[in-house]
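K.L.:
According to TrEMBL:
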- 52-73: transmembrane segment (TRANSMEM)
- 85-102: transmembrane segment (TRANSMEM)
- 108-131: transmembrane segment (TRANSMEM)
- 171-190: transmembrane segment (TRANSMEM)
- 219-239: transmembrane segment (TRANSMEM)
- 269-289: transmembrane segment (TRANSMEM)
- 309-331: transmembrane segment (TRANSMEM)
- 343-366: transmembrane segment (TRANSMEM)
- 372-392: transmembrane segment (TRANSMEM)
- 399-421: transmembrane segment (TRANSMEM)
Amino acid sequence: MAGDLSGEPSESAATPFGDPGGVSPVDAVLVRPVLRREVVAVALWTLMADLLIFRAHGFSGPGVFFGIVPLLFLIGCDELRRGPAWKLIVGCLLVVTVRLIWSGSASTIFSGVVLVVALAMSAAGYVPLVLEGFVLAGRVILDGARRLGTYRLPSDSSDPSGSNLSSPRMLAWLLPTIAAVVFGSIFVFANPNLFEWVSLRMTRLAEGFQIWFEKISPWEIPFCALALLIGAGLMRPVLPMLRIGPTDPEEPPTAEAARSTLYTPLRNTLWTLIVLFAVYLSFEFITLWKRDFPAGFYYAGYAHQGAAWLTFALALATAVLSLAFSGTMLSDDRLGSLRRLSWIWSAQNLLLAAAVYNRLMIYVGYNGMTRMRTVGFFGTTLVVVGFCLVVYKIGQNRSFWWLIRAQLIALMLAVIAYSVFPVDYVAHRYNAATVDAGYLHPSVMIAVKPKDDEGVLPLLRLTHCEDEIIRNGVLALLAQRQLEMDDLPQTHWTQFQGSRTLLKRRLAEHESEWIEFRDAEARRDAIESFRNYAMQWY
């Protein structure tokens, strides 16, 4: 996500809080002055967590919370480092916010939590690395308790910062406020209509507070205390942060080149693998690339299990290359010739990745897209990215720890990307379009696979499908979804989901087409017939 992935803070953040004067790292944080803006930000964090998470009834509440988090950091952190990593994380958080409001899921919530921890690391001037992020998340409550222990009530009347009520800065806004309230009240009392209007509003406000307090749960106070600790710990973590593994961006140079005893075994291994891969890739492309498959072809064996085995081969190749170019081999004067062999094998591995994608597409082309096949595409892409990182490590002589950090970041980015990807919409848009074009095999995925609100939207194009069984089955599924949504009224604004609102409107526009399937028995028969009919292509 940034720079050398060493885990060290940037140069501007090398001493994030200035010179601590010889005190321990923990004391360097504890003696850091507490500014009013930090207290306000932590208080707002706690309030927003209560309103948008604890009292939420759906995913929109946490979504709004994640969108507000960067603003809270801007308010509370006076030395915020807004580098490229910060901007990237903020952008990802906004994507998570939009996704949660549109069509939320637990995996998207997890992505938001991961990004908030990364945001805290970036705000403190550190590269947001995965292992160090887990450490920060594990100790954030302790860090928050340490930081809250430094908070003090204003007591010194001579304090020039304005923290005391009698200080000039405090009086500068306190006296005008008092004057406005006093004279405003006089004007209200002088006008009966205005007095009645204000009284009504105050009564409603009091009733709102009464309802608020009546809804307080026994768990709400502990939750708010926990949120307070987490907010303080993320905005002011104990620095310097713990770093796992060495921080050298490159392997340490060796004074004298020495010949490694592993050179010959590694050279022979690479030559063997190059020949083996060349033979197998020729077989793969001849037998499975752009050809028509006979009836009874074992799609699951070749395109599902086979793709998994080839993906495992890619992952194993990643490990082999990484281990081959490490240790004493890096100081061997014959390293250049070994690198040239690795480039040939790397190119073959990229061809192997293309073969994996081809097998996945064979399976998708046979009977459609599913969530698990989408996971397959993401997983294969992650393995390819990991392999490319190994190739980069070899070319740039990076350390083993650099590779571990880079691959963990790639893994977390893949998880985040999958959590915000409209999986069901993309899958069933492909399935519906293929069936609508006359190829009926993907209808089995429409019949038997679960679908979120996004995944139901593309099915509307099949309400006039030429195949009667598929058409009636889809109409029955749409009628069933509409009835289920009618039984789930939205009672709280945090239950709002953009995809559900759009689906309700679209179903209302077309409900006359499935009026006969509002009958439970007719609906059940149509869905069962559809599933039995489509299972021939499973």
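Any Cβ shown, glycine's included, is placed from N, Cα and C.
Automatic, uncurated: that is what TrEMBL annotation is.
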K.L.:
Can you tell me which recorded stretch out of 85-102, 343-366, 372-392, 399-421 has the most Cβ pairs within less than 8 Å of the transmembrane segment (269-289)?
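P.N.:
Counting Cβ pairs under 8 Å, the winner is 343-366.
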K.L.:
Which of 85-102, 171-190, 343-366, 372-392, 399-421 shares the most C-beta pairs under 8 angstroms with the transmembrane segment (309-331)?
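P.N.:
Counting Cβ pairs under 8 Å, the winner is 372-392.
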K.L.:
List, by number or range, the same-chain residues at least 6 past the transmembrane segment (372-392) whose CB is under 8 A from its CB atoms?
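P.N.:
Apart from its flanks, the transmembrane segment (372-392) reaches 307-308, 311, 314-315, 317-318, 321-322, 342-343, 346, 349-350, 353, 356-357, 360, 363-364, 398, 403, 406-407, 410-411, 414, 417-418, 421, 423, 426-427.
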